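Worksheet for the structure shown next.
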Amino acid sequence: MSNIIKYKKKILNGDLLTKEEVEELLEEGITDLAATANEIREFLCGNKFDLCTIINGKSGRCQENCKYCAQSSYFDTDIIEYNILHSDRIINSGISNYNKGVHRFSVVTSGRALNNNEVDTLCKTYSKLKEICSIRLCASHGLLKYEDLKRLKDSGVTRYHNNLETSKSFFKNICTTHTYNDKIETIKNAKKAGLEICSGGIIGLGETMEDRIDMAFTLRELSVESVPVNILNPIKGTPLENQEILSYEEIIKTLALFRFILPTVQIRLAGGRALLSDKGKKVLESGVNGAISGDMLTTLGIETSEDIKMIKNLGFEV
């Protein structure tokens, strides 16, 4: 019996793979790996697809030095800078996305964390939006304290986003102004506040496949509900502007392995999808059951109507 069949049976029986077992799958062919990951997804998660959109609620002037990010004040990019968007702009965007058939809507803000006044402002916005429509609210506001995370929860936010970005051992190569443990503490505080967790990372930063596997196992230990996987889109002016873009085969292999490691979570194809020739269709057949639609924070994405059509054609329920 091949490893891929053996480990598929183990997962479908309710057991989790060890890191050593996952590493054995690295030698498997991509076609078989992707197809089996999709079988695991269908058996354990069904065909329901989770579609979300984001809005850049505060842009630029970030004091952190994440090497991939156009919003960092350390780098000379052409990013448009602004403070917290007006409440009406956020609410109208949420309603518009709900009417398009999107399930979740997240406000994402630049910076290490919001200050008290900014949290107050956004909590009022979340409360208003919750009253108007039933789109599920997510938030991504950096390394917030427990008290602020609880306020978000009380305002109608159901899920908090904070990416690990990469493995603990590789993180220092990407950012030095905050630590991996800072991120983990924020995630734990968000869970304590009663929020679901959306946490994943970026692939193509220069990390190895082993780094990606390590990150996935850390996410499993943290019991996150959603794992967004971004493909690096190198941005001019950042230290990674000349980073080579991953091959499509490497992307498919990574997402498929994530399904073997995280058999029951929402694995979400996120930023960088517009770089792919088929807009991510093959990846969506490799164990994925979620995606971010529309534009990203500082790069263009894919129209939601186009996404929904493609997702339905693949047999998913949206």
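Placed from the backbone N, Cα and C atoms, the Cβ positions cover glycine too.
Owing to the predicted nature of the structure, the values given are computational and were not obtained by experimental measurement.
According to Swiss-Prot, the domain 'Radical SAM core' annotation covers 44-273. Taken from Swiss-Prot, the feature [4Fe-4S] cluster binding site applies to C62, C66, C69. Annotated [2Fe-2S] cluster binding site per Swiss-Prot: S106, C138, C198, R268, in sequence order, evidence recorded as sequence analysis.
Taking the features listed in Swiss-Prot, we show where each one sits on the structure.
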{"residue": "C62", "record": "[4Fe-4S] cluster binding site", "CB count, 10 Å": "23"}
{"residue": "C66", "record": "[4Fe-4S] cluster binding site", "CB count, 10 Å": "24"}
{"residue": "C69", "record": "[4Fe-4S] cluster binding site", "CB count, 10 Å": "25"}
{"residue": "S106", "record": "[2Fe-2S] cluster binding site", "CB count, 10 Å": "22"}
{"residue": "C138", "record": "[2Fe-2S] cluster binding site", "CB count, 10 Å": "24"}
{"residue": "C198", "record": "[2Fe-2S] cluster binding site", "CB count, 10 Å": "28"}
{"residue": "R268", "record": "[2Fe-2S] cluster binding site", "CB count, 10 Å": "23"}
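According to its DSSP assignment, C69 ([4Fe-4S] cluster binding site) is coil. Using the Cβ center of S106, C138, C198, R268 for [2Fe-2S] cluster, the list of other same-chain residues with Cβ within 8 Å runs, in sequence order, C52, I54, R104, S140, R159, H161, S226, P228, I292.
Summary of the [4Fe-4S] cluster site environment: with the site residues C62, C66, C69 set aside, the chain residues having Cβ atoms within 8 Å of the Cβ mean position are E64, N65, Y68, A70, Q71, S72, Y74, S110, C175. Of the recorded residues, C66 ([4Fe-4S] cluster binding site) and R268 ([2Fe-2S] cluster binding site) place their C-alpha atoms 22 Å from one another.
Each residue contributes its Cα atom, and for R268 ([2Fe-2S] cluster binding site) and C69 ([4Fe-4S] cluster binding site) these two points are 20 Å apart.
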